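Student: Quick one: this structure, given as structure tokens, is what I'll be asking you about.
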Amino acid sequence: MTTPKKTAKTSGNEARELADLSEDIGIRFKYPNSERVYLQGSRDDIRVPLREIRQDDTYTAQGTEANPPIPVYDTSGVYGDPAAHIDLKQGLPHIRTAWLDERGDTEILPKLSSEYGIERAHDPKTAHLRFNQITRPRRAKAGRNVTQLHYARQGIITPEMEFVAIRERLKLDELSQKPEYAKLLKQHAGQSFGANIPTHPDQITPEFVRREIAAGRAIIPANINHPELEPMIIGRNFRVKINGNLGNSAVTSSLTEEVEKMVWSLRWGADTIMDLSTGAHIHETREWIIRNAPVPIGTVPIYQALEKTGGIAEDLTWDLFRDTLIEQAEQGVDYFTIHAGVLLRYVPMTANRLTGIVSRGGSIMAKWCLAHHRENFLYTHFDEICEIMKAYDVSFSLGDGLRPGCIADANDESQFAELHTLGELTSKAWKHDVQVMIEGPGHVPLQRVKENMTEELQHCFEAPFYTLGPLVTDIAPGYDHITSGIGAANIGWYGTAMLCYVTPKEHLGLPDKEDVRTGIITYKLAAHAADLAKGWPGAQLRDNALSKARFEFRWRDQFRLSLDPERAESFHDETLPAEGAKIAHFCSMCGPKFCSMKITQEVRDYADKQKAQRQGMEEKAVEFVKKGAKIYS
């Protein structure tokens, strides 16, 4: 896959840029020797994607051994399907529309409900930026609740629940019955710390999904205005997911570049995307992203609300924020980060911190509380927020506005006071049947990471935990994808459901596309390490397949099975670029005479030969005895 061309910060001709990007995307998404395939659900319109990596045969002295294809979880959407026609100006296919219609509990509104949304729709200055396929928004009918949590508590298995059950299972229940996968599916026992991890793929059923959602332990972020979505699940008892961030600022990025970053993030495996835009044309940029996003999109609505006040936190009002929530919900945002736990009485607790309040949303609300000496309006209006959320099935991501910004401040009084308030708000949201996940730190030394998970499980009643790392040391600017990846792997093992990626540019500047790639790959491996540690069924399949390819010097399969095939091959080719090196039984690290795996194979061949010789000697001995044990006849 080729690295994307640099996109101009702004050319003034987004339509031309988007057309060029549409033509180029298919080329970029070619995965080596693999294809996107679909598993059929109980109805024709439940087609669940996965990617199958095809392997080369193994050649031995005894003949040829076929290696089976390896299924992997796939987030690429239609961008990873060579057969799909991609036109960003048209958006993605609406795969959920029939499901929404059949439930009969939503209505198509005659027009937008948000004042700001209406204003933007009629602003001639932004006409050239608007997505040209705008549809009228849906909302729950009066007195109806349309959340996945509500359905789950009613005992209803929705198509979304069936979809994610098939997606999590990856057809491993079928493969476990096939002899060619027997050795590849062996894995170490996990340590799940009390989680209800399935022990076999056939336990990952739509009913299992429904129960986990009904209990509040998992969420399916799926706004009714995001019909393009391929449903996914976030929960302690499922695969660990990762989030990638994007967003423009006042000084960088164009609309096209943000769409490109979204697609680029999907290419490397982001399960969800958060649009953290704070610059111009936030509304229009978000529309383009959602209409072309097969994964859930999250936002921090207070950022846009602040932009509407000209950046003056004191001028924020509940009415302004409420209109922003409705605006974004009607566009199709799947989850909102809302910093409702930053209470007025908690702000003084941060005074003696080394780095104070580092959350942008947390600092905005703290400043508002102090300026007005009133309680956080997100807290006092929380029930009204829930009414909006359940009308569109937007999930809460309850923000950790008082998260520690350095390891010195980790696990302090203010952090856990806010966490306990988030637990209170979780209970309140659940009374409305609104889905909830909880955001977590941050910066935490390794020995104190588990305490964060324990506190969250106890005080937030096992709602899914969603953490930013945590970074386990503060001495490595430029390498914070690693400092945070260490913490992420650990807290994922302890029970965190989703990890928010960190790039090498953390604390230093806005990430470019290569930084995004590095951040996502780092977090994919952290999430995978957590899945292995907690014993997710089938998690070790890809590891075993790659290890077998490595031992058999199937270099191309090693590249194909890796998280970043392009980089793995480029590193190999830096020293051994010749085509013949792809079949050589050594690499540049040890050379042909000192390769441990080559020597091991020779030892095995020798042992097999010795075994055959011993067996031949034993057979001759038996024959000698049977003939009377006479030396001479």
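Glycine residues also receive a Cβ, built from the backbone N, Cα and C atoms like all the rest.
Values in this document were obtained by computation on a predicted structure and should not be read as measured data.
Taken from Swiss-Prot, the feature substrate binding site covers Asn245, Met274, Tyr303, His339, Ser359, Arg360, Gly361, Asp400, Gly401, Leu402, Arg403, Glu439, Tyr466. The feature Zn(2+) binding site is assigned by Swiss-Prot to His443, His507, with sequence analysis given as support. Look at Swiss-Prot and you will find Cys587, Cys590, Cys595 tagged as [4Fe-4S] cluster binding site, backed by sequence analysis.
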Student: Among the binding-site residues Arg403, His443, His507, which residue has the fewest other Cβ atoms within 10 Å of its own Cβ?
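Tutor: Counting other Cβ atoms within 10 Å of each of the binding-site residues Arg403, His443, His507 gives the minimum at His507.
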Student: Quick one: what's DSSP say for Gly401 (substrate binding site), helix, strand or coil?
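Tutor: Where Gly401 (substrate binding site) sits, the three-state DSSP reduction gives coil.
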Student: Can you give me the same-chain residues 6 or more apart in sequence from Asn245 (substrate binding site) with a CB-CB distance under 8 Å?
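Tutor: Once residues fewer than 6 apart are set aside, Asn245 (substrate binding site) is near Ile273, Met274, Leu276, Cys500, Tyr501.
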Student: Hey, which of the binding-site residues Tyr303, Tyr466 is the loneliest by Cβ count within 10 Å?
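Tutor: Least crowded of the binding-site residues Tyr303, Tyr466, by Cβ count within 10 Å, is Tyr303.
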Student: Which one is it: of the binding-site residues Gly361, Arg403, Tyr466, whose Cα lies the shortest distance from the Cα of His443 (Zn(2+) binding site)?
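Tutor: Checked the binding-site residues Gly361, Arg403, Tyr466; minimum Cα distance to His443 (Zn(2+) binding site) goes to Arg403.
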Student: From the Cα of His507 (Zn(2+) binding site) across to the Cα of Arg403 (substrate binding site), what is the distance in angstrom?
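Tutor: It is 15 Å, counting Cα to Cα.
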Student: Looking only at Gly361, Gly401, the binding-site residues on record, which one has the least crowded Cβ, with the fewest other Cβ atoms within 10 Å?
Tutor: Gly361
Student: Can you give me the Cα-Cα distance between Tyr466 (substrate binding site) and His507 (Zn(2+) binding site) in Å, rounded to a whole number?
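Tutor: Rounded to the nearest whole number, the Cα-Cα distance is 20 Å.
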Student: Provide the number of Cβ atoms within 10 Å of the Cβ of Ser359 (substrate binding site), excluding the reference atom itself.
Tutor: 25
Student: Could you measure between Gly401 (substrate binding site) and His507 (Zn(2+) binding site) for me? Cα positions, answer in whole angstrom.
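Tutor: Approximately 17 Å lies between the Cα of Gly401 (substrate binding site) and that of His507 (Zn(2+) binding site).
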Student: Among residues Asn245, Met274, Tyr303, His339, Ser359, Arg360, Gly361, Asp400, Gly401, Leu402, Arg403, Glu439, Tyr466 annotated as binding substrate, what is the maximum Cα-Cα distance? Answer in Å.
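Tutor: Across Asn245, Met274, Tyr303, His339, Ser359, Arg360, Gly361, Asp400, Gly401, Leu402, Arg403, Glu439, Tyr466, the widest Cα separation comes out at 20 Å.
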Student: How far is it from Gly361 (substrate binding site) to His507 (Zn(2+) binding site), counting Cα to Cα, in Å?
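Tutor: Between the Cα atoms of Gly361 (substrate binding site) and His507 (Zn(2+) binding site), the distance comes to 17 Å.
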